[in-house]
Amino acid sequence: MSQPVENLDEVLKNHKLSKEEYEDILRILDGRHPNIVEIGIFSAMWSEHCSYKSSKKYLNGFPTKAPWVIQGPGENAGVIDIGDGMAAVFKMESHNHPSFIEPFQGAATGVGGILRDIFTMGARPVANLNALRFGRVRGDSDINKYQRHLVRGVVDGIGSYGNCMGVPTIGGEVSFDESYNGNILVNAFSLGLVKSDEIFLGVASGIGNPVMYVGSKTGRDGLGGAVMSSDSFTEESKSLRPTVQVGDPFTEKLLLEACLELFKTDAIIGIQDMGAAGLTSSAFEMAGKTGAGLIMHLDKVPAREEGMTPYDFMLSESQERMLICAKKGREQEIIDIFEKWELDVAVIGEVTDTERMELFWYGDKVCDMPIAPVSEEAPILDRPVARPAYLNEVIAKTVDDYAKVDDQEAYEKLLAPLEVVDKAWVYNQYDSMVQTNTTKHPGSLDASCIRIKENGRALAMSSDCNPRYCYIDPKGGAALAVVESGRNVAMSGARPLSITDCLNYGNPENPEVMWQFAQGCEGIKEACLELNTPVVSGNVSLYNETNGVSVFPTPAIAMVGLNDDQNKVLPSVFQHEGNNIVLIGETKGEFGGSLYIKELFGETVGTLPSFDYKTELKLWELVIEANKIGLLESAKDVNVGGIAIALSKMAAVSSKGITVKASVSNSRDIFDESQSRALLEVADADLEELLDMAAGLGLKAEVIGKIGGEEVKVNDVALPLEKVKDVYFNTFKRTIEQDL
């Protein structure tokens, strides 16, 4: 065995291990002091990024079961039954820290990592989404300019990787707030399709079965990445570029095809991608799930650089790599497949019955430790929590505390925020139509949809989160993220089934941040129980903080739903002039956390808009059932900016004017953000039946106007349609490209 390390205190500090954790390590190793390889392994496996040691106690309460759930949390991705022997495999993950340091590679490898999570399960990826948060991009300050640079780099990275892989990026969300000036958020979602009896898991079992390495060679890129992502940033953080992985989408495409060919054989027991902590996490997770032991010979791992050490091989986060537990005697068959695809492949070890990880370097043992305490029994922290001091002041304010703004002036200002306007500059850099399963172009649906060629159905998916809501009410805001993502799916005509989440929060060592996180988890749990949409996969990203300033709580939710008829995917833009516009739901004059207060007065304050799960479910039922029988021509949820902004979006994208007169108590209520509302387009012949259906469900329904004309007129505010279109379609590009 290698010798124990010198300068122990400095080594522990560099590896983000506490003295208490070192005492645990000594206990696990029966009093033996670990060498540098073993310290590196403990550091990675017990990092926040890999162990979830601050968050696990709160995640355990999530609902994860339903008749349609095949695989819940704990595997590479979640799996749900979508009928006729088919399953959808999906997950959302973060690549926040790497993307802030190196936006192109950080975002690109985030896409690569989530794609591997999907095809590792045996599924072919068929759709990507992303949820992106940036700081303030408007203005001439260095921060504004750098944020614009980050936007350009992240979008380029996502597009470059996804396009090369031949996987369509069909939707997502982009928002901006100064709370992200020091930490942007890059959350990637991917979904794949697989036959429900052909799913592969990340396990290693069977004494004597070989352990095989496939994919790219191992280099030093990404060393310490998991530990870096488990710490907050300072002004010097850009020096961490060496911890950011470098992606090669062409190699990943070869790896995808090779793996899918491999899955057609019965030559393997399990397979795991090498993500955070690289070979370390893959090996420990595969063996930890089954109670097996492993022997691995690190000198047999394909190397990209000379002079690499066992420490480098175990902790490198080089991309496009997999670890396989094969059936003994089938090695050559596997080697032939990967060599055909011009990928590296090597037998590097075998499964044992020792329940220990034994690593060798040219015959010398460099690691010997029990697997379970490292992979399954990482220390769980019970961090202190405290309700944030800012909340009392924030929720005490109402819209009435501000000077009245002329409604026309407000309308023109609320049309132009980057979170409102069209994101064609973003999604036109993504290939959204490759594989020819995308039902409609991005921007024309509240949820992105793909057809399932095997059974005539369609899958709808939507990512959502309003960080302003989560700032003023961490529990309610998180619950509303689930509600709103489900509402978007329902607006497309699909029934929401399950979620994956990406929980982005600040420094867990701050009791106020930990309280926000705990409350957010409670909100997600409550909403998923009430809406019957279990959590099947997810990710936690903490330490999104720079110089003591944390991001807004941002629990991004991606909802997946099923439409039984791919020919009945409901658009969110107007279809025919002369049709009626029907508003479903109550407008209550609620402005807490609203775009109205943020854009006009620069603050995020107020009480969260009220919502009721039963009413929300009735709204979903109305839209889904009315769409089935052909009563609806389009549907859009009412959210940020109220009915005025929702109607303006529908008008701009469809290039059709509108004349609307909605019943409101106060003229500014056309901008309020009351929940459980939708705008439905209904032909004259179907209007009475639609109104009867709404009444039968106890939902308020009001015919508020007609489609047609050259103006967008909502109550007392109006603009020429061409002006609305110019603002909507050109603002984003003008802002982001102003430095070029």
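Cβ coordinates are placed from backbone N, Cα and C, and glycine is handled just like the others.
Per Swiss-Prot, ATP is bound by Y52, K91, D501; the candidate from G122, G476, G477, G538 named for the same site is G538. Record check, Swiss-Prot: substrate site residues include S94, H95, N96, H97, Q245, E317, S318, Q319, S541, and the candidate from R116, R330 also listed there is R116. S94 (substrate binding site) and G538 (ATP binding site) have their C-alpha atoms 9 Å apart, to the nearest angstrom. Comparing Cα positions, G538 (ATP binding site) lies closest to E93 out of the recorded positions E93, H95, D117, E317. Of the chain residues outside the ATP site list Y52, K91, D501, G538, L59, P73, M92, E93, T500, C502, L503, V535, S537, N539, V540 have their Cβ within 8 Å of the site's Cβ mean position. Rounded to the nearest whole angstrom, the C-alpha distance between E93 (Mg(2+) 1 binding site) and Y52 (ATP binding site) is 14.
For the recorded positions H49, Y52, K91, Q319, D501, a Cα to Cα distance of within 10 angstroms from N539 (Mg(2+) 1 binding site) holds for H49, Y52, K91, D501. There are 23 other CB atoms within 10 A of the CB of G538 (ATP binding site), with all protein chains counted. Ranking the recorded positions H49, Y52, D117, D273, D501 by Cα distance from N96 (substrate binding site) puts H49 first. By neighbour count, meaning other C-beta atoms within 10 Å, the densest spot among the binding-site residues D273, E317 is E317.
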